[in-house]
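Have a look at the structure below before the remarks.
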Amino acid sequence: MPTPPLLLAALATLAAAANLSCSPERDPSGRCQRLASTHSATCVDLHLRTCTDASYNQTSFPTPLEHRSWEAVESSPEYMLLGVLHFLLEGQCNPDLRLLGCSVLVPRCEGGHTRRPCRHVCESLREACQPAFDAIDMAWPYFLDCARYFASEEEGCYDPLEQLRGELDAEEALPSGLPPTFIRFAHHSYAQMARVLKRTAARCSQVAKTYSIGRSFEGKDLLVIEFSSRPGQHELMEPEVKLIGNIHGNEVAGREMLIYLAQYLCSEYLLGNPRIQRLVNTTRIHLLPSMNPDGYEVAAAEGAGYNGWTSGRQNAQNLDLNRNFPDLTSEYYRLASTRGVRTDHIPISQYYWWGKVAPETKAIMKWIQTIPFVLSASLHGGDLVVSYPFDFSKHPHEEKMFSPTPDEKMFKLLARAYADVHPMMMDRSENRCGGNFLKQGSIINGADWYSFTGGMSDFNYLHTNCFEITVELGCVKFPPEEALYGLWQHNKEPLLNFLEMVHRGIKGVVTDKYGKPVKNARILVKGIRHDVTTAPDGDYWRLLPPGSHIVIAQAPGYSKVMKRVTIPLRMRRAGRVDFILQPLGTGPKNFLPGPARALPRSQDPQGETTQLDFEPPRARRQPASGGKPWWWSYFTSLSPYKPRWLLKY
């Protein structure tokens, strides 16, 4: 595996100091001997580069790891590890792990006494971050032993991550005299965005909550606000819909629209708006205003009107997040040429993980596997049009080629639901922004516009049940603040209209004859070669255009059930169609008949998709033939001391 330049450079810098020093004695595993608790100490100013953002500014010697000088700390393998965990874990658990390590490496000192960090913080972080260490075959660092180096609250511990969250939790007072329903039509920094979302969730706590789906490469929470009659949990037959903004950091209009939408939904719900109350009470809505907060910071540093066409587009790893998803569309075209083979819920190839996968991309993939989303929109900037899958041409060398999905009719309805109520998209002037799409009604098949691979919308459709469109909100990627109110007025109704589209088609529950829900049952529609599957509670949603459809439910071990369904033209609420499946006879040969899927080994013989881990496969993580993990040489090449405590074998 080639040496990542950033990782090697970081290690070389950290190892530039002279000799390593921990203590004269080592235990057999190479770990530092434990130092007795220090009750009093001489505090000295903290000036360690890796720990400059710690919540304290003084430390003391000797440290819990028996380092007795700055030179000993800076040349230690523990310090070296903290400096490169960011790169090793590809941004996961950053900066939390680094700050937690700093609290042990250079303990907090105040008033002539050292204080130990809280054990519960360590335990919580270890539970969240252990999978990231397992993914690179690295042992949990010994100096983050929660029982050994951390204290209980009764012992007077402190939270080393308190300052990290503090700036987001700090309340930002509204100008005096303004009602709580006031929306500030301005650009929001990351901290301001987080405060607005949390304040909004607190105002509407009965129907809203915030949560994080993961972290950006630079450690910012990918913060979501959800609205539902029972926030935090999936309700039977309540459809799930998500809106995502700012996948490209310099395309900021979508970010602001979703911040405004969150405040609008909360205020109108409290004011008794029947439309908003009906929407929130029957739908679980998830808003992710910024998928790329690191890129936004780059773009915002230049500012509106000065931002370049690409400055801040990528994430902190210089990856275009909308080109970073698995290319399942190529696999779809290969499978579609074979009759009787399923072309939905395509698994991720193990080779995908050998490339550079952004933590933001991983977070989205894990999110859409965890929640049974039905509908989604990704908000962009740079033009004025709504595009829909496929985004990758069925002939790879064709830069522009109409490449429809099996659900072409439904995707056009979804795109029109946004475009047809957007005043600027319906403007008949060809000289306006997006005027070149006027003849198509301001909607277009993505590949017919321009073809690209690794997009988020194609991945949603081919890997899950979710239908996602892409909305380009305007030709200015970073509009000035004075334009934001007008943008909100143009997009408020289209956003609401699109959210309501999640209730089109049919929904229902698939159970066995005893009323037990059947998980992962397939819902087929004749004439549409794309199946959806039931959620763990047996419920499903199938977006369908008006007309007559033959719908089939089937699952391994059960006989299939077929029903004819007619969806009226003006029907705005999903019709309920339940299925009760009868078991087939017992015996190993009585599995679901029908065409099997000709896919890799991640498929079982009955055609069900195996739940996949969103981490590189174990074949990569384990050392080959008893050798060391790929990262081992980076440490051993830069110092005489070998940190064997990082090895799991």
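Using N, Cα and C of the backbone, Cβ positions are placed for all residues, glycine too.
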(message) Just confirming the record: what cysteine out of Cys118, Cys122, Cys129 does TrEMBL connect to Cys146 via a disulfide?
(response) Cys122
(request) Around the Cβ of Glu472 (active site, proton donor/acceptor), how many other Cβ atoms lie within 10 Å? Please give the count over every shown protein chain. (result) 26
(request) Tally the residues of the domain 'FZ' (38-160) by DSSP class, grouping H, G and I as helix, E and B as strand, and everything else as coil. (result) 57 helix, 14 strand, 52 coil
